[in-house]
Amino acid sequence: LGIMGCFAIFQTVDFSTIFACASAFVWEPSFIFFKMKIHALTAICVLLFIGAVGKSAQIGLHTWLPDAMEGPTPVSALIHAATMVTAGVFMMARCSPLFEYAPKALIVITFVGAMTSFFAATTGILQNDLKRVIAYSTCSQLGYMVFACGISNYSVSVFHLMNHALFKALLFLSAGSVIHAMSDEQDMRKMGGLASLLPFTYAMMLIGSMSLIGFPFLTGFYSKDVILELAYTKYTISGNLAFWLGSLSVFLTSYYSFRLLFLTFLAPTNAFKRDIERCHDAPTLMAIPLILLAFGSLFVGYLA
């Protein structure tokens, strides 16, 4: 519908033409919907954003993301860290010249992104499945990217998208290493005491979790901190809402990340004896991508 609206107004769907002509349609024309006049650019941007809501698992259309965790872990890492779910955020960044002419749409985007980051972080606290906790953290981080677009900081949003791809892929693949070692067990309540049995995987999971939290001087810190700082300096109601909900989400993210590490690696073991006896650390073929992603999670934010 958003693309059809673009074609109805601009008679084309070419990016460069739409962006060049957008300023001429700031006030007129309007769509007539049930005898109501609706600002055309605002309607187009909201419709495009609703598509991004489903694609990037924002609040209301987020339920498919944790359920998609049934897939193999490398596929989960690819889809949920770097490719599919981030397409909606990239679309908004790509269409940023159009969105800038629809300030009401940006307010909606900011509100939805901030609510998603807070809601997903709150839900992640209550999960017991290792991969579902990481899935809800993906949903929460996508909320950060969306409300960064809503406060007109598209470059920072894409920067966080890139950083997130690194540490979230590291977390998913580290989780896969744990699940493989535990004979396909995913319930964190049936793990515990794995830090001594899987020291390499524990180190990788620790690096990924600290970067997710936004620990100073790790990759996640450089983009996450800037998003919150820019929201604080926006001096609007939507900016202040995004800042406070984003700040609360930081504390919740820290909580569920520590809970994941504690229940999986540090708590007294609740695993079956046969699983403990078969437990083994990541083989070389699994360790190489973890090392590369850990390097990215440590240094890419600083280098970028």
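Every residue, even glycine, has its Cβ placed from backbone N, Cα and C.
Nobody curates TrEMBL annotations by hand; they come from automatic prediction.
Taken from TrEMBL as is:
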type	residues	note
DOMAIN	1-243	domain 'NADH:quinone oxidoreductase/Mrp antiporter transmembrane'
TRANSMEM	7-26	transmembrane segment
TRANSMEM	32-54	transmembrane segment
TRANSMEM	75-93	transmembrane segment
TRANSMEM	105-126	transmembrane segment
TRANSMEM	133-155	transmembrane segment
TRANSMEM	161-182	transmembrane segment
TRANSMEM	194-221	transmembrane segment
TRANSMEM	241-262	transmembrane segment
TRANSMEM	283-303	transmembrane segment
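Contact between the transmembrane segment (105-126) and the transmembrane segment (241-262) holds: at least three of their C-beta pairs are under 8 Å, each pair 6 or more apart in sequence. Here the transmembrane segment (241-262) touches the transmembrane segment (133-155). Their Cβ atoms form 3 or more pairs under 8 Å, with each pair 6 or more residues apart. Highest Cβ pair count under 8 Å relative to the transmembrane segment (161-182), across stretches 7-26, 133-155, 194-221, 283-303: 194-221. Within the chain carrying the transmembrane segment (133-155), a Cβ under 8 angstroms from the stretch's Cβ atoms is held by residues 52, 56-59, 62, 65-66, 68-69, 76, 80-81, 85-86, 88-89, 92-93, 96, 99-100, 106-121, 123-124, 127, 161, 164, 168, 171-172, 175, 188, 212, 224, 226-227, 230-231, 234, 238-239, 242, 246, 249, 252-253, 256-257, 259-260, all 6 or more beyond its ends.
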